[in-house]
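Novice: Below is one structure. I have some questions about it.
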Amino acid sequence: MANVTVIGSQWGDEGKGKIVDWLASRADAVVRFQGGHNAGHTLVVGEQVYKLSLLPSGIVTGTLSIIGNGVVLDPWALRDEITKLRGQGVEINADNFAIADNCALILPFHRDLDALRETAAGAGKIGTTGRGIGPAYEDKVGRRAIRVCDLAHLDHLEPQLDRLTAHHDALRAGFGEPPIDRDKLVADLREIADYVLEYAQPVWKRLKKVRKAGARILFEGAQGVLLDIDHGTYPFVTSSNTVSGTAASGSGLGPGAVGFVLGIAKAYTTRVGSGPFPTELEDETGQRLGERGHEFGTVTGRKRRCGWFDAVLVRQSCAVSGVTGIALTKLDVLDGFDTIRICTGYRLRGKILDYFPAHAADQAAVEPIYEEMDGWHESTAGARSYADLPAQAIKYIQRVQELIETPIALVSTSPEREDTILIRDPFSD
């Protein structure tokens, strides 16, 4: 049986939630492998709308859902999200949900530090969600983190607290903040420990068993390749690797488990927060894309920046992440445009580039080279086969496929799960 890894091929917010939900109904396990509760997914199932930030999308369908070791976990955010979903009738228990016991925790002072840094940065801020993701990853890499398994040993936490407070109290002092209240922190952890430990286990072992049984595993990425700590628009990136290879290291399975890599890309481009955006439209066209696409962040509610499809960026994302096929989403947002543009290259100080440069100053300076196509005025909303699409919409899909040098495997034409045109089944490979 084939496994499938779903990743964002742009700056996140590509519609991964709908695609993962669609695939999860055919998977035996769904795994989150990086990020934290900074990655919002909106799922629409019938009349019910589910907003997830931390839990794998498979939880809504009752599929075994796993938070892998590559995720940083806010235990209080976890409890809030589970409580909300249970209120919507979703069943969550230790049989269908598991957390890696070696996950690093996001703690209250991580959120504090995130907010303090963003405020101090002023106009130079990164645009984080302020949820402590970056500082938690810093502590993980710095070997200071408190992990899920430590919640079962809170009476022996002193050495870790010494390392944590020595680091963070110095940072807090620089911002004029008081030291961490160790007693309160331990009390808060005692209060939440049993709740988290109910789901904690060596998930690599459970996944090994699932894989050995020939079951289908769906790896659910968060954010997008252009926010990858190495391959993204550094420093305007997230704090983890978002490329497909992280599915292996972030879950406890080897690289052979990654399977079919399905990249998700909107039929246009959006970005939330700061950072370079070559095709950004700050005119009526950009506003129209945002309004038609309802472009507001699931987690922050921030308005997303909008622009034309950038084939250079998506082609690069596909290359560095080994994308097997693309799911093109929100095609219906382009309905009604007389002319549609696609970025096919860049100009940078008199030179033509067919790739996105690494240096921040170069990224900010590139000018898009556009190819124009006729648009279409018929509706694509709800289309479920190529026969339902206008001829120009099909030409657009084909041209995108040529430019990104990667096959289009799926086309999504609305937030509804069934409104999907399947060209190549990821699970059949």
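Keep in mind that glycine also has a Cβ here, set from the backbone N, Cα and C atoms.
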Novice: Among THR119, THR233, THR238, which residue does Swiss-Prot annotate as binding IMP together with ASP13, GLU14, GLY15, LYS16, ASN38, ALA39, GLY40, HIS41, THR129, ARG143, GLN223, ARG302?
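Specialist: So, going by the record in Swiss-Prot, that would be THR238.
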Novice: Among the binding-site residues GLY12, GLY15, GLY40, point out the residue whose Cβ has the most other Cβ atoms within 10 Å, with all shown protein chains included in the count.
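Specialist: The largest 10 Å Cβ neighbour count belongs to GLY12.
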Novice: If you count, for each of the recorded positions HIS41, LYS303, the other Cβ atoms lying within 10 Å of its Cβ, which residue has the minimum?
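Specialist: Per-residue Cβ counts within 10 Å for the recorded positions HIS41, LYS303 bottom out at LYS303.
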Novice: Quick one, of the binding-site residues ASN38, THR42, THR129, GLN223, which Cβ has the fewest other Cβ within 10 Å?
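Specialist: Looking at the binding-site residues ASN38, THR42, THR129, GLN223, the Cβ with the fewest others within 10 Å is that of THR42.
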Novice: Just to be sure I understand the packing, how many Cβ atoms besides its own are within 10 Å of the Cβ of LEU331 (GTP binding site)?
Specialist: 23
Novice: Around the C-beta of ARG304 (substrate binding site), how many further C-beta atoms are within 10 angstroms, looking at every protein chain?
Specialist: 20
Novice: What residues, ordered by sequence, lie under 8 A Cβ-to-Cβ from ARG302 (IMP binding site) and sit at least six positions away in the same chain?
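Specialist: Same-chain residues close to ARG302 (IMP binding site) (Cβ under 8 Å, separated by 6 or more) are VAL272, GLY273, PHE296.
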